[in-house]
C-alpha cells in the first residue's frame, strides 16, 4: 500500500515537473530570455573600433558594414516564411546557427586567427549574424502572441522592452566574464544567444490557449521585473563611468543582472502550480460522472472540426479570394493581408513614422527605446477599458516623435537629452504597436510572415530619409561652411558641420513627415473604429472554454489510470 502511494506520489511529481517545463509560463520565461539576447546589433559601436583598427578599415568601410548589419537586422521575411512551414524549434535552431556562424567568423578575423577576409565577406558575416535575431524574434515573439492572444499588447511591449535592454545586459555579462576586452565581446555575442536558444529550443512552441485568472497580474509582475532590471543597469552603467570597477565588482554586477533576468522562473513555477491545483479541482467532479464523453469521442469531434476547417481554408486559398478578405480579426491569408487597404495604410504610416524615428534615434536613446515596454500596457488598458482604437495611440506616438524632431531642429540647452528620450520611447512604442495592430487586424495564422513584412517599412523609410535627405542636407551645410572659410572638399578628410543650422532643415522635414504619418494612421482609425469598439477577443474566449473542457477531461482520464 505504501509502495503504491509512493509510486503514485512520484508519478504526480513527474507530471508536475513536465507540466512546468512544457507549460505556457515556462515558455514565456524562456521567450523573454531569448529576446533579452536578441539585441546584439546595438553593440556594434562598442566593438566596431576593433574591426576598424585590426583590419585597417576607414570610416566609409565601417559604415558599409553597419549598413549590412541594419539590412540583416530588419529583413525578416525569410524567417517568417520558414516559420509558416516548419516547427518553431527548427526556426530557433537555424537562428542559433546563423548567429554563431556570423559573429564567430568576425571574431576569428579580428583576432587574426584566420586570414584577413575581404570587405564583402565581413559584410556577409555581420549581415548573417544580425539576421539571426529575426529568427529569435519570429520563434519566440510570434509563439508568445499566439499563446497569449488576449494579452498580446502587454506581451509585445514586454518582449520589445527586453530587446531594448539586451545591449546593456550583454555589456554587464561581458564585463563579468571577459573584463574590458571588446574583442571578446564579439565572441560572447556569437555563443551566448545561440546557447540560450539551443537550451530552450523545445520549450518554445504553440500551445492550446487556456484560461488563467492571474494572467494580467503576472504580466504586471514581469513589467516590474523589467523596470527593476532597467534601473539596475542604468545605475551600474553610471557607476562604472564614474568609479573604476575591479573584475570582482564586474562579476558581482553580472550576477545581479542575471539573477533578475532569471527571477521570472519562480513566477513560472508558481503559476504552473496554480494551474495544476485548479485543474485537479476541475477534474474531480468529472471523474465521478459516468456519462462523460470518452477521449476518442472528443478526438473524433476535434478531427471532424479540423477537417471542416481545412476544407474551408482550401476553398479560400485560391487567387480569386485575394480581394475577398475575411472580417477584421479573422485569419487573413498572406496575399489577402498584403493587398488590403488596411495593410497599405499601416505600411505607409510606419514608413513615415518608424523611418523618421529610426533616422533620428539611430545612436540616441536606447534607454528610451527600452521604455517602449509601457506602450503595450498602456494601449492594452486604454483599448479594453475605453474601447479606443490602438491605431489612434500609434498616431499620437508619431506626433510625440515629431516633437522630438523639432527639439533637435530648434535646440536649446539640454534639449538633446529630452529629444533622445522622446525618440527612443517613440521608436520602441511604434514597434510594439505595429506588431500588435497587425495581429489584431489580420489574425494570427500567418502572423510570422505578416509582421516581418510590415516591419520592412522601417529600413525602407530609414534609407530614404536618412541617406537621401538628412545625410545630403548635412553635407550641403558642411560644404557651405567650408566655402565660407575659403576651403574645398579635397582639403579635408571628413565633412563636419558645426552649429544649430546643421540639422534644422532636415529634422524639420522629419517632423513634417511624422505628422503626415500620423494623419495616414488616422485614416486607419476611421476604418477600424467599429471593429475596435466590439469584442475583438471573443473568438479566443470561446476557444479557451473548449480547450479547458478537453484538458480537464484528459487529466481526469489520466488520474483514473493512475488510481486503477
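Positions of Cβ are set from backbone N, Cα and C atoms, glycine also.
Taken from TrEMBL, the feature domain 'Nodulin-like' applies to 24-268. Mean per-residue pLDDT, taken over the domain 'Nodulin-like' (24-268), amounts to 89.
Long-range contacts of the transmembrane segment (25-47) within the same chain: residues 66, 69-70, 73, 92, 99, 103, 110, 126, 129-130, 133, 136-137, 139-141, 143-144, 147-148, 155, 158-160, 162-167, 169-171, 182-183, 185-186, 189, 192-193, 196-197, 200, 203-205, 207, 218, 222, 261-262, 264-265, 267-268, 271-272, 275, 363, 366, each at least 6 residues beyond the stretch ends and with a Cβ under 8 Å from a Cβ of the stretch. Residues or ranges marked as transmembrane segment by TrEMBL: 25-47 (among others).
Residues or ranges marked as transmembrane segment by TrEMBL: 89-110 (among others).
According to TrEMBL, the transmembrane segment annotation covers 156-178 (among others).
As annotated by TrEMBL, transmembrane segment applies to 184-202 (among others). Proximity of distant same-chain residues to the transmembrane segment (184-202), defined by a Cβ-Cβ separation under 8 Å and at least 6 residues beyond the stretch ends, is recorded for 30, 33-34, 37-38, 40, 43, 46-47, 50, 89, 92-93, 95-97, 99-100, 102-104, 106-107, 110, 129, 132-133, 136, 139, 170, 173-174, 177-178.
According to TrEMBL, the transmembrane segment annotation covers 222-239 (among others).
Marked as transmembrane segment by TrEMBL: 245-269 (among others). Beyond the ends of the transmembrane segment (245-269), by six or more residues, the same chain brings 20, 23, 25-26, 28-29, 32-33, 36, 169, 172-173, 175-177, 179, 218, 221-222, 225, 228-229, 232-233, 236, 239 to within a C-beta distance below 8 angstroms of the stretch.
Summarising the annotation, TrEMBL assigns transmembrane segment to 337-361 (among others).
The transmembrane segment annotation in TrEMBL covers 367-384 (among others).
Look at TrEMBL and you will find 391-410 (among others) tagged as transmembrane segment.
Feature annotation from TrEMBL assigns transmembrane segment to 416-438 (among others).
Under the heading transmembrane segment, TrEMBL lists 505-526 (among others). With a cut-off of 8 Å between Cβ atoms, the residues of this chain six or more beyond the transmembrane segment (505-526) that come close are 342, 345-346, 348-353, 355-357, 359-360, 389, 391-392, 394-396, 398-399, 401-403, 405-406, 408-409, 465, 469-470, 473-474.
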